[in-house]
């Protein structure tokens with residue numbers, strides 16, 4: 001009951017933080033628009049029209065003219081947004097560890113950024129009332145820059161701590177949109193394999209079809225090894241362009257553990273969902289070894305070696321613990337992976353680790369621990 005209460009409290013905290021972030025984004029947009037209107041009005045309404053007008057636009061505000069002030073505020077808004085995104089990432093990490101860290105991040109988010117936005121609001125009001133002198137303007141800018149520097153440093157320290165403390169396999173990849181440019185690439189290729197087991201955690205509610213969690217292409221064969229759920233078709237495994245339909249039902253927005261095993265002898269395959277075998281078959285590319293020296297991509301289906309992505313086939317959702325073995329796992333080993341057994345193995349061909357993955361196009365990494373989602 002105590003753990004349950006803690007989880008509910010953390011969930012409420014994160015929801016409040018998300019709401020705060022949305023409100024602050026809107027505040028920045030409103031302040032930027034307000035300053036823009038102020039700038040345009042000041043150009044039209046300031047006294048001293050005629051010869052003195054040019055002199056004002058060049059130097060009345062000292063080292064920061066009014067158009068430059070608008071530009072500075074716009075840049076500040078972008079910087080704040082970047083910091084908020086980084087804080088959201090840190091929230092994920094804190095939620096996985098302790099409520100004290102979460103509360104610490106909540107304080108940073110609310111206090112530091114609120115302080116910045118109050119300074120911005122004060123700056124806009126002063127501009128509207130024509131009160132800022134060159135000296136005051138410089139002081140205001142100095143305060144904001146100082147606060148930004150402090151916040152940058154604090155976030156950097158937290159991110160360093162997050163990276164140092166997190167095991168290399170506790171992360172997930174998130175593909176929020178169906179695009180032809182978001183993907184991750186496994187740095188290592190596959191060797192020649194006469195059998196394999198491929199397991200991963202997936203979470204998606206994309207429709208129709210969650211897309212392509214992974215694809216492996218080799219020279220001369222783009223569909224050497226592909227897992228895909230496209231359109232209204234069931235999920236399929238492709239080996240050398242030969243297809244087997246997999247009896248998975250996983251696009252419900254919840255985390256599911258899936259495994260596919262295969263041997264070249266008679267093309268025998270088995271499919272496991274959440275530790276239980278849900279299907280099997282044979283004659284899937286029999287006596288065809290998986291070829292080496294290819295490109296392994298997460299999140300996209302390759303039509304050419306390492307590219308040729310089609311947005312309609314892109315994976316939408318979250319993916320974690322993608323592991324590859326060059327043998328057929330036993331049902332007990334698969335069950336151990338799905339239930340987060342302490343004896344669960346990492347892939348002997350591809351092991352899930354941050355150092356083994358490059359991400360592109362806006363796909364993101366988040367902290368993820370499979371065992372926690374089972375509770």
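Using the three backbone atoms N, Cα and C, a Cβ is placed for every residue, glycine included.
Any TrEMBL annotation is an automated prediction that lacks curation.
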Message = Quick check on the annotations: TrEMBL lists region 'Disordered' for one of 125-147, 148-170, 171-193. Which range is it?
response = 125-147
Request  = Among 14-41, 42-69, indicate the range for which TrEMBL gives the feature coiled coil.
outcome  = 14-41
Ask   = When the pLDDT values for the coiled coil (73-119) are averaged, what is the result?
value = 60
